[in-house]
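Encoded as structure tokens, the structure appears first; notes follow it.
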Amino acid sequence: MLSITFVLRLSAKGKKTEEESRLTRGESESESQEAGIRSFEKEVDNSSQVIASNLGTGYLCHYSPSPPNIPAACSLTLGLQEREAIQYFRTTFSRHQHTKNPQYNVISVIYNIATKSELAMHMAVSVARREMLCLQNNGQTDVKDDDISILHYSAALSQLAEFVNGADAVTGLDTILASIWLMLTYEQKFGDGNGVGLSSHLKGLATIVQSEARQALTLPADANHHIPSSANTMELDSSQRRMHTLSLFSARMLIWISLLDAGAASTGLGGDFNASLHGLLEEHAHICDGCDSRLQTSLFRSFTEVAKYSNPLFCRVWGDDYPIQELMDDISNHDIFLLYGSCFQVRYMASRLDSLRKQISTAAEQCEDVIELAFQEIAETYTETFLLASKITVETDNSLRVIKNLRFIVPHYHAAILYYVRCADPRRSSPDRRMASLKMIMKLAYQSFKLEGDEAMLRIAWPLFIAILETDDLLHREWLIARLRALGKFGKNYSRAAVFVESFVAEEERKGERLDFQAYLTSGGFEHHYEHATATPLTSESEEMTDIMHTTEAKDSAINNGADVEKHETVDDVDVGKHEAIGVRDGDEAMAAFQDGQIVDVDEDTNRRLLRKIDRHILPIMCAVYCMNYLDKTTLSYASIMGLKEDIHLAGDNYQWLASLFYFGYLTWEWPTVRLLQRLPIAKYSGFCVICWGVTLALFAVVHNFKGAAIIRFLLGAFESAVTPGWALITSQWYKRSEQGSRTGLWFSFNGFAQIFGGVIAYGIAVGGQRDIYTIQPWRILFILTGSLTFCLGIIFLIVVPDNQLKSRWLSETDRVLAVARVRVNQQGIGNKHFKTYQFKEALMDPLAWAFAFYSIASNIPNGGISNFFSQLIVSFGYSPTQSLLLGTPAGAVQVVSLLLSGWYGDKYKNRLLVSLGGLSLAVLGAILLVALPDAAKAGKLVGYYLTLAGTTPFVALLSLISSNIAGYTKKTTVAAMYLIFYCAGNIIGPQTFRPADAPGFIPAKVTILVCYILCMIDVIFIWWYCRRMNQKKAALRAEPGYVTQENSEWLDLTDKENPEFVYTL
């Protein structure tokens, strides 16, 4: 139950329970009860005085008390506004609280009691009048505008005080329980911001139960004679009240109040009433003798039997006048409402875990054992109910009340599981259990929303809330938050709940761990958000406290009343009753596509159309930026033979360190940038980094010494560290796995284009420098030009590339959903901002991740040396510096062709790894030519250099496989970070192999290149074997007879190891 107790607890501080206080003071049980009664009397008296002091004139309801000790009809004289409130109470309010026909439900019984009891009439008028005004004003009403409600509430408190202190010997238990339930409902909706009223009433009622209901809880074997045959005789007289029997109505009200108390216990405001109730039921355990109950805990057994005992309430009250259709409805819904009550009892037990754990850890463990047994027994008892819930679809007839009830009660069961898993020892939880509950909540919530709109969401506000806390899927969370936020039109507390849950989830993501939301509330960590969400100051009795579970708990709390769930009319059907259209937010259409087993049909023509549109908008800018990414790195190599070394006075190994410092910056910032890519909007962060690196590169033109150049190179590496992992993530977001290899190969191939264009540009600038047509050194012009181009491309990137499909400006609303649907086959979703420690650990323990990392360092030792020394290497073959600028361009063409062919053939033949070995084999041949050919064979060595550029094919294949073969967003970003960290390490080591002492032949460096390429071949073969073996294991698992496919597993952010549906790409 996500009730007002949630909001009340926002600013409440931790309080000791009555039991804790009693134990601390060493009081006896009787002393504790007397103290509780005195405290309750004081609270009631004070409340009455405070409320009365706020009253003005114009009170229309005049009444005179009945003569003492004489049962009589209610003598209140009601004015026009009070009569309107009573009419509202009997109709709209009734439908809000109870899903049965208002003529035959608990509210109708309460009204009949109110016609004879001033106490009940006062509360009926008070709560109905206040809610009516709230709905009329769309939740914007203040207590100062509602003197009538407050006057009646004050009068009810005064009469309740008389009953507590013994001055009233007439009022029966039925009236007391009905009136206090109305008070609790009032406090839930309109009580003080700290929950003092709600908490006090629950504690006071616990005391009343101890003193007034102890003997009455002895249920007779034949309950029929305790049920009046007419609603007009529902109230027990004083003699009946002293007969030590419990009426069916009182039993029903005890159940309703226990549900309220269990929900309050989840936020630290309740629990006393349930503790007292179950303590008394334990004393009278014989009430269950001979019962056919499969629940083995006494708590559940006692609670269930009280609920079953109250089952005949309506047919006994109305007797022969009770319609057979209503009776049939009662019978068909008994079990499902027993399930509803069981869910709240489990929540109550789970709410005690934290306090038990602080006192005696073994007590908490024993309680967890009991809860686990309770869940097991519930699952066995309601097997058919859960089976039916799993089989209904959005097309299932919603006019059947049992179907409509299933759609809101079963989510509460799964919400209870999620709440327990959150409170219990982490060892008790499992991803499968959590995912199964999330799946059912999402499925049934979607069905209810599509069929009935936001009003259906009122019934399951608590399941929505807990699912937001637990889900790791970004798409699901956005839809859930949208649903909770949309309920704000029904009351402020829905908006407050949405504000809290968004803030709390953000705090969990910031800290990278699961937090205790109850402790977070108690610590006051949300106070500033709470105040921000509150339109009016919080004062006692003056705040609009609308129950966020208005139709989840107070509506149909009766655990076995045979109620249905109907559309709720409001006091103003035009303003409140309209449904919000499905799909107001982007995520809504996506959820409509992916829930209830419905798949958006993306036909081949639509798929091709979308693919062309995505390629047209995303690929050109990605390719252009990646071209500059490589050109920026190689600009230093061009500048080295254009006068850079002499102009900034480089000596010894200074140039080597400038080459390596880029990758020190890359390495330092790689892990933070990968986390930021996950936490921040991916396209915006990537575009920001592109702009920063463009500015930094242009600033290289102003350096005059090694120190300045070193700083620029370090910063350049830091900013460029976002590009490769960012591009890999964007590719996995927008493209199917069968499309990723060719697209990754395409944008990575622009490294080769960069070498072609860069060589030509550098050659032209160098020739111009030889003719003295520049006022500054040619190498400075090169840095300014490339930096400016990069800056401009960064601006374009920010404008064109969205953070995901659902935020695209160049896709229509329908195409956004279709763009998500087409990548559903990836089994990876489109992104998740929640860092998961277990996925991080799995990445570090995965042999595949380390095989990727090993290849990255082994392949980039050659890359780090060649990319920074290729101009000097070509000069060492016997060519001039100017010639080397042009002779380096064919190497870029070799890289482009090899990458494009490898990517295309790899996707065509469904084997990127083995196809990529072709390019690596050419690189091995090239390295052999560099090592073996004599100095005179400069043409052969040049060819050997060209062939080494084909060795990038496996690197790109593995980079795309990180997108395709690593699932779980945290795991994927972690493995990507490992891959690029080792990429940096290789590129740092590479330049150091080209030692000045080995010039001009650099034989040790060439041998190192050859050895590394051979190790790379072995590693690629191992990765291919490992992925193939894992596919065989998963196929065997799926072939087992008991295997069941988990629906929507692709949106659950499972890792590749967790998801049995995941298939590794080879």
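Using the three backbone atoms N, Cα and C, a Cβ is placed for every residue, glycine included.
If you look up TrEMBL, you'll see 17-28 marked as compositional bias 'Basic and acidic residues'.
The domain 'Major facilitator superfamily (MFS) profile' annotation in TrEMBL covers 618-1031.
Annotation source TrEMBL lists region 'Disordered' at 17-36.
Outside the transmembrane segment (685-703), and at least 6 residues removed from its termini, the chain residues within Cβ reach (under 8 Å) are 625, 628, 632, 635, 648, 673, 676-677, 709, 712-713, 715-716, 719-723, 726-727, 730, 776, 780-781, 783-784, 786-795, 797-798, 801. Annotation source TrEMBL lists transmembrane segment at 685-703 (among others).
As annotated by TrEMBL, transmembrane segment applies to 710-730 (among others).
Per TrEMBL, transmembrane segment is recorded for 750-769 (among others).
Under the heading transmembrane segment, TrEMBL lists 781-801 (among others).
According to TrEMBL, the transmembrane segment annotation covers 885-906 (among others). Long-range Cβ contacts of the transmembrane segment (885-906) within its own chain (Cβ-Cβ under 8 Å, at least 6 residues beyond either end) map to 638, 641, 741-746, 748-760, 762-763, 766, 870-871, 874, 879, 912-913, 915-916, 918-919, 922, 942, 945-950, 952-953, 956-957, 960.
If you look at the transmembrane segment (913-933), the same-chain residues 6 or more away from its ends with a CB under 8 A from one of its CBs are 862, 898-899, 902, 905-906, 940-941, 943-954, 956-957, 961, 1003, 1006-1007, 1009-1010, 1013-1014, 1016-1017, 1020-1021, 1023-1024, 1027, 1066. The transmembrane segment annotation in TrEMBL covers 913-933 (among others).
Taken from TrEMBL, the feature transmembrane segment covers 945-962 (among others).
According to TrEMBL, the feature transmembrane segment maps to 974-990 (among others).
Per TrEMBL, the feature transmembrane segment maps to 1002-1027 (among others).
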Inset, instruction - For the domain 'Major facilitator superfamily (MFS) profile' (618-1031), would you mind checking the mean pLDDT of the predicted model? - result: 84
Legend entry - Considering the transmembrane segment (974-990), which listed stretch of 710-730, 781-801, 945-962 counts the most C-beta pairs under 8 Å: 710-730
